[in-house]
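See structure below.
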Amino acid sequence: MNTATGVIALLVLATVIGCIEAETRADLQGAFESYEGEAAEKIFRRSPTCIPSGQPCPYNENCCSKSCTYKEMKTATPVQRCD
């Protein structure tokens with residue numbers, strides 16, 4: 001076993017031991033059960049984002065300007081882009 005392999009093995013071992021120790025701590029037991037209902041929804045809810053001007057837009061409501069029009073590209077193919 002060379003030095004690099006030994007270092008990697010020690011890091012893996014330390015990580016495993018740390019995870020086991022964290023699971024047995026009383027202050028972390030049941031930590032995820034406290035996230036119920038609305039609190040859990042807030043964690044996993046996506047924040048509203050909008051598509052900036054000049055970017056392709058699938059729907060008008062996703063554009064920051066709330067406006068999406070067809071524009072002709074160099075290939076003469078019209079593409080919907082945010083205004």
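Backbone N, Cα and C define each Cβ position, glycine as well.
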Cross-link partner of CYS50 (disulfide, per Swiss-Prot) out of CYS57, CYS64: CYS64
CB contacts for ARG81 (site 'Critical for insecticidal activity') [other CB atoms within 10 A, all chains]: 18
Sparsest-packed among the disulfide-bonded residues, when each Cβ's other Cβ atoms within 10 Å are tallied, from CYS50, CYS57, CYS63, CYS82: CYS50
